[in-house]
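S.K.: Next up is a structure, given as structure tokens.
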Amino acid sequence: MIDKKLLLQDFEMVALSLKKRNHAMDDGLERLREVITHYKKQLIELEGLQAFQNKVSKEFGIKMAQKADTSDLKKELESNKIKLNELSKSVSELEQQIDLKLSIIPNLVDEKTPLGANEEDNIEIKKILTPRVFNFKPKEHFELAQQNGWIDFESGVKLAKSRFSVIRGFGAKIYRALIYLMLDFNEKNGFEIIYTPALVNEKMLFGTGQLPKFKEDVFKIENENLYLIPTAEVTLTNLYNDTIISVENLPIKMTAHTPCFRSEAGSAGKDTRGMIRQHQFDKVELVAITHPKESDAMQECMLESASEILRALELPHRFVQLCSGDLGFSASNTIDIEVWLPGQNCYREISSVSNTRDFQARRAKIRFKENQKNQLAHTLNGSSLAVGRTMVALMENHQQADGSIHIPKALEKYL
């Protein structure tokens, strides 16, 4: 959540940031500024009434002790109390109204994020490893998976519906091996391995920004205040929800393997075959909580950790800087890692590493104490990596002419 003070102190900057994102609010932002201004005035008035009430209460106590006449003071206290209660209710309602409006405004765009309308305006930063030249036409992963008996798409539909899969046999062993390899690499790079619930309450999804704006994208448990997590970013970040961290304990670096659940609202017709876009998938996530001065360096650290895994698996990939129009809701700056898929003859996203600055920390009340002062931390998140998409890339890049799959040396010890 952005700081409401910014709307009063630097309204034009906030408006420009939303314009960069193509986030239309019409005159809603101006109205919100007016509401915040009115709220501030009422808050000052409320504080004045509270101070007056305290002052008169003390006078009342002194006169009572002296057994003096207190009838006038009593009337004054009762009259002021009515005003105080009415104004307190008004201030509380305004605060709720402001917080609701602020909760659906996306993060401010980082100055390092280039201006652009959509993914077409994203900028390639660098390529790592050269794509292999095949002497045969490479197949797509779903063809290879079915040929080798690794993935049963029909059973996934039977058990649930479309966009679910069953992984079995040697394919399941590879899938498990990838998870272990990812966790080991992340742990080596200083990230603590954590296992968390796959269900969270509404407050946690608000903290990381999925709610209230993206309610259609998550699965809710009927008659419960519980949701299936769309990513371990939610659980790892919110481990420190409403927490004050000693500055000596920063940075906090965490990694988790979890199932992830997404409704994929708005994805009809996209990636209908295979494992690229599923309602349920596994992901190994990285989350970091840092001092504001250290978040840029942490983003580079997280990118390197994810890239190291891809290099170990001999998978060509590239870094792509997302433009302002393609940023996620909570992100201030995002760099994607896209892996080469020869079967599709293109690069596809396998990781997004985002710096949210203090946006999530303000929503989730994640603070740190430095020099006896509480400050908002910075939070970052990124995949390291999406397991299904890594398996897709492994099959397509390491396929042989007969349809068999070469296993990279780094993965052998996990099989």
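For all residues, glycine too, the Cβ spot is worked out from N, Cα and C.
A quick note: this is a predicted structure, and the numbers were derived from the prediction, not measured.
Pulled from Swiss-Prot, these are the listed features:
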- T231, A232, E233, E285, S383: L-serine binding site (BINDING)
- R262, S263, E264, E349, I350, S351, S352: ATP binding site (BINDING)
S.K.: Round to the nearest Å and give the CA-to-CA distance linking I350 (ATP binding site) with E285 (L-serine binding site).
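M.R.: I350 (ATP binding site) and E285 (L-serine binding site) have their Cα atoms 12 Å apart.
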S.K.: I want to check the contact list for E349 (ATP binding site): same chain, sequence separation of six or more, C-beta distance under 8 angstroms. What comes out?
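M.R.: Result: D336, I337, E338, R389.
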S.K.: Find, for the listed binding-site residues T231, S263, S351, S352, S383, the residue with the lowest Cβ contact count at a 10 Å cut-off, counting only other Cβ atoms.
M.R.: S263
S.K.: Please report the distance from the Cα of S351 (ATP binding site) to the Cα of S383 (L-serine binding site), rounded to the nearest angstrom.
M.R.: 5
S.K.: Among the binding-site residues A232, R262, E264, E285, I350, point out the residue whose Cβ has the most other Cβ atoms within 10 Å, with all shown protein chains included in the count.
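M.R.: That would be E285, with the most Cβ atoms nearby.
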S.K.: Name them in sequence order: residues not among T231, A232, E233, E285, S383 whose Cβ is within 8 Å of the mean position of the Cβ atoms defining the L-serine site.
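M.R.: Going along the sequence, the neighbours appear as V234, L236, A256, T258, C260, K283, V284, L286, V287, N381, G382.
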S.K.: Same chain only, sequence gap of 6 or more: which residues have a CB within under 8 Å of the CB of E233 (L-serine binding site)?
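M.R.: Non-local contacts for E233 (L-serine binding site): T208, E285, V287, N381.
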S.K.: By the DSSP assignment reduced to helix, strand and coil, which category contains S352 (ATP binding site)?
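M.R.: Once the DSSP labels are grouped into three classes, S352 (ATP binding site) ends up as strand.
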S.K.: Could you state the CA-to-CA distance between A232 (L-serine binding site) and R262 (ATP binding site) to the nearest Å?
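M.R.: Per the Cα atoms, A232 (L-serine binding site) and R262 (ATP binding site) stand 12 Å apart.
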S.K.: List nothing but the largest Cα to Cα distance in Å, as a whole number, among the residues R262, S263, E264, E349, I350, S351, S352 that the record says bind ATP.
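M.R.: About 19 Å separates the two most distant Cα atoms.
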S.K.: Please report the three-state DSSP label of S263 (ATP binding site).
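M.R.: Reduced to three states, the DSSP call for S263 (ATP binding site) is coil.
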S.K.: What does DSSP assign E233 (L-serine binding site), in three states?
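M.R.: SS state of E233 (L-serine binding site) = helix.
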